[in-house]
């Protein structure tokens, strides 16, 4: 399998995981029907990749150039819709799928940005953005405060995973190995943050009025 | 009138209808002033088309290449602002204008995507996205759960209208006839869904906690 | 300093002011941690410029072509995070920083649009959009009704500032002077609107149900 084919495969696994995640969130929120569930699954699954392609100027986005992404996203959402009882038996499925999608997109997004000629620093941010983009659109549409803004490390694992994926090849490590290591770092930090309740420092405001 | 001129005319009718719709929604929501009403009218009217042009890579979007779109959108919003008493006498004006805009944008968006070389399947999705894009931005800005996610068929009529507009020409039907038929299908399904309360199946969750 | 260098400097001042503003808003809203504060600061600071570059088709956006913007935005957000006690002693800091960012982005956005070949009318709207874009993304993410839609002139000063910045050079005034005058007009109108409670006319609805 070529490096490009492997990257596509990783992306499609990420799309599937995010579609499951988005569809499950849709079913938990206010009374969405089949089409609302599929729509939210698709937005979650392909939103980050579309955002990445728009910002890289690679238009139309990959999502619209082939049918793989949309078919995978629709499939994932339908599996969640019809299989939610089965999924519910798994431990915390939403968070698990969200973590898989986050890790894969952060890593592939960052490497695609480097391939497009973006400098390492901004490529890392673009990778992070690719990772959190779909979930953030999902949260805005169902009117949750987005995960990127709330506690429980979300954007930080994505950015650190992107750092590994971008810096690794600069140090002579193969892109595939660096992507794998970056994904493990992202998923590990996110999972650790959730299980152990790792938290970032907060500003200690005495009262909200203090600032206005 | 050329096919292209006819498509532009349809688009401008859609822009006007969506501007009326967006402005009326703005007046119903929390105490917006004249400029808030016009801003929401414009976003609703041109949001879907801008999204389509960004995704097709046709930049700057048509909205910024000529003055027609913005002038039509501003005009529609002002008509709604000063004429809302008159509009209020019509039956359910918001829904009517929203349906007109949805149908026209879904059909024209899908045909423009095909013209840009997008495959039929993805062109249909892009048409649907053009149709629901402006209304979704409107809903996010006034903090409603977007129509695409709630019951009462919204995205499905747009997608089916786009199917007719895209598949018709593949079967030898002229683009104009296919666009007209697609618009009728979309408007009919949306109206039928509203009047008859057609609903899509829902997931039967026992409790929301089941999924997390 | 070249005209282009001066425009970049103005942009970076706007980025810094918006980053302070976004970070302070983040600290006031629901319990955001360090990374949430920085993320919201960055979105507020670079959101309008990214939107402008996407719409102009200048991709990747300036934000991703150099490190200046992201470094400035991150710096501004960190200053707000660690210095909020000091900032709180200033009068209404959020509004002050927001006004500075709004004025600078409206004016530079409009002039960049003209440079990209956009007609004056649409360039003015694009300038206004550049000004209000970052703040609108900030408001959507923290689930406030966006400032552009609520009372207290927000989009109007941005648009009038953009008018001055665009029309000035057409009348033979140098771009730098026109930009400065446009910024003063925008900041003055916004500040006057806030201090004096200037308001735009509202629609006088008898009841919300009137419209549906």
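Including glycine, each Cβ sits where the backbone N, Cα and C put it.
Not measured: the values here are computed from a predicted model.
The annotation transmembrane segment is assigned in TrEMBL to A:6-27, A:34-55, A:67-87, A:148-167, A:173-192. Per TrEMBL, domain 'Glycine transporter' is recorded for A:9-84, A:96-167.
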Discussion item. Let me check one thing: do the transmembrane segment (A:6-27) and the transmembrane segment (A:67-87) come into contact, meaning three or more Cβ pairs under 8 Å with sequence separation of at least 6?
Written reply: yes
If one takes Cβ-Cβ under 8 Å and requires six or more residues beyond its ends, the residues near the transmembrane segment (A:148-167) are 102-103, 105-107, 109-111, 114, 120, 123-128, 131-132, 135-136, 175, 178-179, 181-183, 185-190, 193-194, 197-200
Residue counts for the domain 'Glycine transporter' (A:9-84) under DSSP, helix then strand then coil, are 64 helix, 1 strand, 11 coil
In DSSP terms, the domain 'Glycine transporter' (A:96-167) comprises 55 helix, 0 strand, 17 coil
